[in-house]
Amino acid sequence: MKVLLIGGGAREHAIAMALKKNRSVELYTLMKNKNPGIYGLSKEVSFNNETDIDKIKEFAEKIRPELAIIGPEAPLGVGAADLLTEMGIPTVGPKKLPAQIETSKEFMRNLFKKYNIKGSLKYAAFNEYGENLEKFIDEMTGLGKDVVVKPAGLTGGKGVKVVGEQLKNNDDAKLYAKEVFEKSIGGGKIIVEEKLVGVEFTLHGFVDGENIVFMPAVQDHPHAYNNDEGPITGGMGSYSCSNHKLPFLPDDKLDEAKEIMKETVNAIKAEVGPYNGFLYGQFMLTKDGPKIIEYNARFGDPEAMNLLPILKTDFLDVCFGISNGNLDNINIEFENKATVCKYVVPNGYPICPVKNKEILVNSNEIEKAGAILFYASVNEENGKLVITGSRSAAVTGISERIEDAEKIAQDAIINFEGEIFFRSDIGTKKLIEKRIERMKELI
């Protein structure tokens with residue numbers, strides 16, 4: 001069974017590992033970097049830019065895969081799924097128009113407004129800096145609300161700035177909005193939203209165009225440093241619980257979030273056509289219930305490293321179910337295990353990360369600790385592993401109890417050497433209790 005995988009990060013390493021549990025899978029990967037984990041699982045690799053449509057087509061024509069899976073968001077944004085589908089290849093990953101649920105924040109917010117989907121918030125979209133933008137922010141100030149400034153396009157998870165975190169106040173938000181337009185960050189168009197107050201969580205679904213099958217809820221940790229301090233990153237780590245819920249998230253609020261995602265899938269289909277792929281909702285649990293912060297048209301990273309290792313059902317079957325609209329005939333199950341994932345990242349990340357420095361990985365000790373190792377933004381050069389400036393590698397601990405899963409991950413993550421750092425508090429009792437207390441305060 002020939003499977004084409006596009007992408008070379010830790011998320012794609014997790015996808016590759018899940019696929020290879022089925023011994024019939026022959027993996028062919030197109031990635032820009034030599035990720036040693038994916039490379040070792042692949043029969044053949046094409047080293048090319050993951051948004052190069054011509055190279056994707058060339059590689060697909062050469063290997064003639066029976067299934068294609070697109071990992072990152074960037075290839076989705078340039079129509080990789082459209083191309084592969086037109087070639088007659090069953091593809092996991094939404095086409096360019098449905099993928100706008102991630103690639104265009106304006107599309108997402110307008111969709112919620114048009115179809116009256118719950119969980120939205122006050123927002124406005126702007127093509128230029130001017131009086132209207134300033135007026136909207138001033139109105140938010142008058143309502144006693146802080147704002148969030150989001151470049152409308154893709155920024156690798158690092159373009160969003162929030163008042164009270166990266167921005168001092170709403171006047172500071174105006175200055176950042178001006179900078180976005182001047183530097184054309186994320187396409188030079190922005191969304192200004194009211195700032196939500198609460199606790200974040202993520203919810204994933206397998207989507208086959210009609211049906212959505214939900215995965216366990218996960219909590220990501222986007223801040224760079226312990227105790228949720230420092231700049232926003234692509235995610236420093238995440239945890240999930242053995243009951244597939246989260247300790248601060250009531251059952252009825254989880255059900256509300258699921259309903260929001262179901263309505264979103266239906267709205268996407270009505271607006272631009274069916275969505276076939278992984279859908280990841282980033283929510284804020286507020287005193288008024290769950291609100292959607294944003295959607296991603298692919299697996300979350302790091303969340304993929306929590307979810308895929310505990311998937312009991314054959315991932316290959318799930319992927320075919322997604323691509324052919326047949327998920328309702330598959331019994332998708334996850335192990336009742338807790339997971340904790342932690343990332344090592346370059347010093348200076350995400351503002352000014354070191355690059356092209358060697359990282360040493362003691363994989364034997366990581367294995368002894370009982371953790372799973374995932375390689376991310378690294379490149380294998382002349383037998384050495386070099387960091388490329390983004391998150392470098394991740395480890396996941398899995399156990400019956402979250403305390404034990406956290407210990408496995410922590411015992412493993414100390415087995416890296418180089419100009420790197422990590423968060424030691426992810427999955428700890430202290431940090432989880434902080435989330436619980438935060439929700440009690442709000443409610």
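Just so it is clear, glycine is given a Cβ too, placed from its N, Cα and C backbone atoms.
According to Swiss-Prot, the feature domain 'ATP-grasp' maps to 109-324, an assignment based on sequence analysis. When pLDDT is averaged over the domain 'ATP-grasp' (109-324), the result is 95.
Taken from Swiss-Prot, the feature ATP binding site applies to 140-202. VAL180 (ATP binding site) falls within a helix when secondary structure is assigned with DSSP. The Cβ of VAL180 (ATP binding site) lies under 8 Å from the Cβ of VAL149, PRO151, GLY159, GLY186, GLY188, ILE190, each of these being in the same chain and 6 or more residues away along the sequence.
DSSP assigns GLU294 (Mg(2+) 1 binding site) to a strand in the three-state reduction. Per Swiss-Prot, the feature Mg(2+) 1 binding site maps to GLN282, GLU294; the stated evidence is sequence analysis.
Residues or ranges marked as Mn(2+) 1 binding site in Swiss-Prot (evidence: sequence analysis): GLN282, GLU294.
Per Swiss-Prot, the feature Mg(2+) 2 binding site maps to GLU294, ASN296.
Of all Cβ atoms in the shown protein chains, 18 besides its own fall within 10 Å of the Cβ of GLU294 (Mg(2+) 1 binding site). Marked as Mn(2+) 2 binding site by Swiss-Prot on the basis of sequence analysis: GLU294, ASN296.
The highest number of surrounding Cβ atoms within 10 Å, among the binding-site residues GLN282, ASN296, is found at ASN296. Nearest by CA distance to MET140 (ATP binding site), out of the binding-site residues GLN282, GLU294, ASN296, is GLU294. For LEU196 (ATP binding site), the number of other Cβ atoms no farther than 10 Å from its own Cβ, over all displayed protein chains, is 20.
Sequence-distant neighbours of GLY164 (ATP binding site) (same chain, 6+ residues apart, CB-CB distance under 8 A): ASP146, LYS195.
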